[in-house]
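Down below is the structure, laid out as structure tokens.
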Protein chains: 2
Amino acid sequence: MIIVKIGGNILDNPERLQAFLLDFAQMPGPKVLVHGGGKIASALGQKLGITPKMVEGRRITDAETLDLVTMVYGGLVNKNVVAKLQALGCNAIGLTGADANIIPAQKRPVREIDYGFAGDVAGPESINADALEFMLEAGLTPVFAPLTHDTKGSMLNTNADTIASVLATALAHKYKVQLVYSFEKKGVLQDAADDASVIPYITAGKYKLLKETGVVNAGMVPKLDNAFAALQQGVAQVLICEGEALPSINTRQYSGTTLSLN
Amino acid sequence: MIIVKIGGNILDNPERLQAFLLDFAQMPGPKVLVHGGGKIASALGQKLGITPKMVEGRRITDAETLDLVTMVYGGLVNKNVVAKLQALGCNAIGLTGADANIIPAQKRPVREIDYGFAGDVAGPESINADALEFMLEAGLTPVFAPLTHDTKGSMLNTNADTIASVLATALAHKYKVQLVYSFEKKGVLQDAADDASVIPYITAGKYKLLKETGVVNAGMVPKLDNAFAALQQGVAQVLICEGEALPSINTRQYSGTTLSLN
């Protein structure tokens with residue numbers, strides 16, 4: 001089975017989104033889509049006078065921002081993606097981590113920074129994988145917004161990359177899972193200035209070296225750390241590529257980066 | 001099984017909502033909640049400069065209003081209700097008619113008035129009842145926002161009363177369905193000025209009489225027409241009562257109106 005995460009670079013571009021959803025709808029077998037937020041939330045927040053709260057460069061989810069992301073990610077983005085997939089013959093069902101209690105989380109503890117309503121997922125063992133498998137077996141395609149809940153009545157804002165990797169790991173005991181992170185570049189680049197310098201394979205050993213030599217920069221480190229953690233917990237393969245590469249991922253034409261343990 | 005519809009008078013009041021959800025969570029057996037919108041959408045629309053569009057006294061769903069209701073009903077209201085029910089031990093799953101294609105609809109045809117993105121449901125036979133039954137059998141409690149989709153990629157705005165009655169009718173072949181419309185009054189009143197004048201039972205024959213004599217006024221007619229249509233199509237019972245009456249509906253303490261064919 002396949003879990004695909006898409007972010008703002010696809011969501012914010014109606015033509016790219018439609019082309020991506022067509023490719024995604026046509027993929028055979030059980031599949032899950034996880035989407036991020038994109039610029040729509042910030043644009044709407046601005047109209048509503050909600051200024052993004054940052055503390056030491058980190059984004060804070062205060063109560064009004066939580067409402068904003070619950071509306072935009074859980075409502076506008078999620079339901080429009082579901083409606084578009086339905087029109088393409090893919091029996092999508094839009095979910096957050098609160099729905100069927102699939103992803104219970106904890107409000108991030110306040111230490112140096114109070115992140116507000118940010119949700120951390122304890123790990124794949126806390127996922128209600130049965131509910132998810134049950135939908136997949138019924139031929140449904142879950143579409144996740146980057147939201148969880150605290151099991152005490154509040155929604156929480158959770159990173160979409162994290163949701164994708166924790167779902168992939170939770171399903172790895174039952175399925176051979178491919179986890180695809182769609183990316184703004186064609187893959188992990190050897191030279192950030194050269195879009196053609198995609199590194200085709202990265203093993204755990206090579207990743208260590210790429211970090212040490214600074215080839216993999218700050219922004220990519222959390223994503224790749226996440227990816228290797230998923231591989232260590234049983235996910236079969238992690239792919240980092242452009243959204244457009246989706247139809248090619250199990251062919252020789254695949255042009256992105258494949259991560260594997262060794 | 002039971003299908004309960006709640007509207008703005010409960011959704012707009014946090015204490016009433018919490019008390020209602022506690023009662024609802026404690027009801028045994030399969031159940032479905034359908035919610036309307038409440039004032040939150042209008043308030044947010046106002047902040048965003050979206051003025052409610054009315055033509056000949058009828059509300060029009062233009063493109064920006066569709067985005068607004070998709071966000072607010074499908075995201076903010078729906079997911080917060082789901083998170084609160086989860087905290088009360090009820091395994092809720094938030095849905096629109098697009099999810100799992102449960103309620104396909106048609107954009108209302110343009111005749112004298114162009115209603116915009118308003119969705120009409122052809123009838124209970126167009127409901128994907130299998131998907132819904134499958135969730136109910138798995139112990140999930142579907143929570144529906146008043147939204148459907150046109151199966152061509154667009155969400156549609158659909159009246160919550162209609163959604164409740166069409167779901168009730170679609171499930172009537174499999175379950176003995178009670179359909180509960182929570183109402184701002186204690187029930188259907190004999191005298192609109194006297195809240196204590198609840199009519200306990202209304203049969204189809206009596207309803208005809210109440211309409212002829214003008215006891216049932218304009219605002220109630222579509223709701224009651226809908227209710228009797230549901231009864232004619234196999235729904236076991238329709239109850240019209242205050243949200244607070246929910247725990248009493250199958251007891252002698254029930255104080256609302258019960259509708260039945262005869």
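Easy rule for this one: first residue shown is 1, then count along the chain.
Including glycine, each Cβ sits where the backbone N, Cα and C put it.
Long-range C-beta contacts of A:Gly38 (substrate binding site), restricted to its own chain and to partners at least six residues apart, with a cutoff below 8 Å, comprise A:Gly7, A:Gly8, A:Leu11, A:Asp12, A:Val77. Marked as substrate binding site by TrEMBL: A:Gly37, A:Gly38, A:Arg59, A:Asn157.
Taken from TrEMBL, the feature domain 'Aspartate/glutamate/uridylate kinase' covers A:1-241.
In the three-state DSSP classification, A:Lys5 (site 'Transition state stabilizer') falls within a strand. If you take the C-beta of A:Lys5 (site 'Transition state stabilizer') and look for same-chain residues 6 or more apart in sequence within under 8 angstroms, you find A:Leu33, A:Val34, A:His35, A:Gly36, A:Ala160, A:Asp161, A:Ile163, A:Ala164, A:Leu179, A:Val180, A:Tyr181, A:Ser182. Annotated site 'Transition state stabilizer' per TrEMBL: A:Lys5 (among others), in sequence order.
Neighbour density for A:Lys223 (site 'Transition state stabilizer'): within 10 A of its CB lie 19 other CB atoms from the protein chains shown. If you look up TrEMBL, you'll see A:Lys223 (among others) marked as site 'Transition state stabilizer'.
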Request  = Other than A:Gly37, A:Gly38, A:Arg59, A:Asn157, which residues of the same chain sit close to substrate? List them in sequence order, counting a residue when its Cβ is within 8 Å of the Cβ centroid of the site.
outcome  = A:Gly36, A:Ala41, A:Ser42, A:Val69, A:Tyr73, A:Pro146
Rounded distance in angstrom between the Cα atoms of A:Arg59 (substrate binding site) and A:Lys223 (site 'Transition state stabilizer') = 17
Task = Tell me, roughly as an integer, the mean pLDDT over the domain 'Aspartate/glutamate/uridylate kinase' (A:1-241).
result = 94
Task = Work out the three-state DSSP category of A:Lys223 (site 'Transition state stabilizer').
result = helix
Ask   = How many Å lie between the Cα of A:Gly37 (substrate binding site) and the Cα of A:Lys223 (site 'Transition state stabilizer')?
value = 16
Task = Around the Cβ of A:Arg59 (substrate binding site), how many other Cβ atoms lie within 10 Å? Please give the count over every shown protein chain.
result = 13
Inquiry  = On the three-state reduction of DSSP, what should I expect for A:Gly38 (substrate binding site)?
reply    = coil
Task = Give the distance between the Cα atoms of A:Asn157 (substrate binding site) and A:Lys223 (site 'Transition state stabilizer'), rounded to the nearest whole Å.
result = 17
